[in-house]
Amino acid sequence: MEHAFKAAALQRSFSKAERGQACQLISDLIHKSGELMLKSLRDGLRFKTKSHPRDVVTTTDKAVEQLLISGISKVFPEHQFIAEEGTAGAAKSNVLSDAPTWIIDPIDGTMNFVHGFPHFCCSIALYVQKQCELAWIYNPMLRQSYVMQRGKGSYFNGQRVHVSGQEKLQHALVYVEWSVRRTEAGDVASTQAMHALLPKVQGIRSLGSTALNLAQLASGMCDAYFHCGPHIWDFAAGVPLVLEAGGVVLDPCGALRGFLLSCSRSSGKMTPPNKPGQKQTAKPGATSQGQCGDSTANMDDCFELGFSSVRLATAELMKALELQPKFISASTRRDMYTEWHGRIEEMIKKRISKVYPDHIIIVENKADYDKRSALKLTAAPTWILDPIDGTMNFAHGFPYTCVSLAFWQEKQPEFGIIWNPFLDQCYTARRGYGAFMNVKPLNVSKRDQLSEALIIHELGTDLTFADKKLKNIDQIARKAHGLRSLGSTVLNMCMVAQGFADAYYEFGCHAWDMAAGVLLVQEAGGVVVDPSLQPVDLMSRRMLCASSPKLAQELSALLVKCKSTMVNVDQCAEQICQLVDQAGKQLLEASKELRKFETKAHSRDLVTTTDGAIEKQLMQGLQLKFPQHVYIGEEGTAGAATGRKLSDAPTWIIDPIDGTINFVHGFPYSCISVGFWLNQQPELAICYNPLLQQRFTARRNAGAYLNGQRIRVSGQTQLQRALIMHELQAANFPRELIDRQICNAEQMMLKAHALRTTGSAAMNLCLVALGAADGYFEFFPHAWDVAAGVLLVREAGGVIIDPAGGDFDIMSRRLLATATPQLAHQMVQALANWQIYEQRDDV
């Protein structure tokens, strides 16, 4: 009671004067914090990991947090604190009470900060009675300040801002963060979000700072933001900024957990942070007398002409933003174009042609879209222009847009000029003279370990190969320190040249997208190559740049590996369904005849002529379509079976008749079971029992089905109410192993509602997926027995683990499948005393 009264008294005493005092205090403290961050970057910093390698903390995080808490405590000694690092004694709890509470993230985007990537900030929010009264987000590197006062709006650098007002998802620019949190199936968590959003939105960006993402959403730079699992200090200031700017905050409870921020209640665009002429950007001096083509002019004159032309173009670009230009789609709704593209192109082309009429000019012109395939880079002097690189960013007011101009001769870059007027950043490079940003020399980071590297990527506007690109990203996200995406090819290259990122790759970029960036990265000490490590070909629409040759090699090897595992899963599904249907007819016909069989390893290990015939039919049919794939078959009759080692390669795991003893005896629990695995994870599954006319199918992230109808597990959580499937194996085993199986069965019989056995591992898993059984355990099943069934259970909502409670390993010959995690835990406990380990399938 005393605490509640004290909190209420504090809330009432937070007067207008104290609010003003708080605003002045935080304004001073947050700028001091920014100076401390920038000083740390200049002096060099070290970091440690917290809960995992990507959860980093620096001494600067703690120093900034200490500075803020001690400064606030002097003025408001009774206030409470929730802070990420908890360095001060005042920061003891993450529970938000009614008392005035400051929620602090000293450096949001610490990984960005560590790499020098310019998207990090200090985030502070004051909550009273669990309502945010004041919020600040400050990015010292870009000098961006966001402030919110409850009931008075949100502000960016002193100007009031509103969300974009975008209501159509197909026109939305969405922020999504790549978070490496493993799902049961082993995916990167945000992959599912990417798969769901990519086909439906206009573009996706990834910047690595929750607070800044929210601040930019409030400013109208993007239209929505999705993130799995942010902490309270990550979004405490950003959420109220969005709400005060007219946005909406949601917390969906579907498969994609997290919070989604959608802007649909207001309108308005941010005012560009910098106007032309605010800061004079000088060009680097040079004394080169190199010849500019066949002209008598030297390279200095060419560079001077290019620089002055780009400077005029950026002024036009800022003018265009103020006039809110109309955007049209050149080829797709993501491939955007404005009338200002044409204006800037014509202006620069006229200036160049007037001085150098014999020079070639390659531009991104809407009228040339049909001629792109005919573009050739020759040895002649060639200017390559992108009037607006990052057009979608430009459309949304996202400040990563630039004018890019390059001059190439003898198929080599001579100079490049890249000017981003929104951030007042001018990047220049000349062959042999270095790379510069606003006259400051640039150097790449020289980081050469992928595990320590910040990688930039783009999905591009063409989604024809979106699945393949996502698989690339998925694999790189597992290996790299972090991933980012800015939406501008040449500015991504600038980030590498500046040392803010360590590598960048893209498939699908055009010559004008990267022409100026190639020399910038090279002159800053980096490498620019084709993703295959061959020399870069400007017209190939493929490029990889990195801070070091070693990093380029490591990234290239991973991309090549991804390419080798990229398959058309739709095509695979269509082919295997046709083949299994044909094999089912063969199995059904064979069941009507007297079935002759032979024994393999022991009297209960049977094989019929039908087993061999079906496996041969399936493997040959698949090999005709997919000759490069790997095959693991029980019988190995086709010569296509390539051993029992499971790799990342596309792999078909086939059991032509699972439940052969059942088939021989006419007991109707036998099936054709085929699983398709990729990157050591199941992608497709089909189990077909023609005797019962049951066709079970599943596809990763698409659900499980019986004869075309969606199926789900039972949801049973209590072992005493569960129907459990199991199998007993006595195949030439020592008496001890047989006794252990019987003991397991006895233990389960005493605790479960009932035990059942069908004699088919695949059919047992199908029954769990169908909800007809609640659990299944078995020791000694082979990989081909369960390769399809494990995906069926997972896609039906069930759990697949090792009987000891660890991760499932398809080659271990051990499996536990249940409807729920709770039931799995109880079954693991019941089996704890009688675990059995047999020789693996891959040994």
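Just so it is clear, glycine is given a Cβ too, placed from its N, Cα and C backbone atoms.
TrEMBL entries are annotated by machine, without manual review.
According to TrEMBL:
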- Glu84, Asp386, Ile388, Asp389, Asp513: Mg(2+) binding site (BINDING)
- 277-293: compositional bias 'Polar residues' (COMPBIAS)
- 267-293: region 'Disordered' (REGION)
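Distribution of TrEMBL features across the structure.
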residue	record	DSSP (3 states)
Glu84	Mg(2+) binding site	coil
Asp386	Mg(2+) binding site	strand
Asp513	Mg(2+) binding site	helix
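The Cβ neighbour count for Glu84 (Mg(2+) binding site), using a 10 Å radius over every protein chain in view, is 24.
Compared over the binding-site residues Asp389, Asp513, the count of CB atoms lying within 10 A of a residue's CB peaks at Asp389.
Within 10 Å of the Cβ of Ile388 (Mg(2+) binding site) there are 27 other Cβ atoms, across all protein chains. Spatially close to Asp386 (Mg(2+) binding site) yet at least six residues away along the chain are Val363, Glu364, Val403, Ser404, Leu405, Val490, Trp512, Asp513, Ala515, Ala516, judged by Cβ distances under 8 angstroms.
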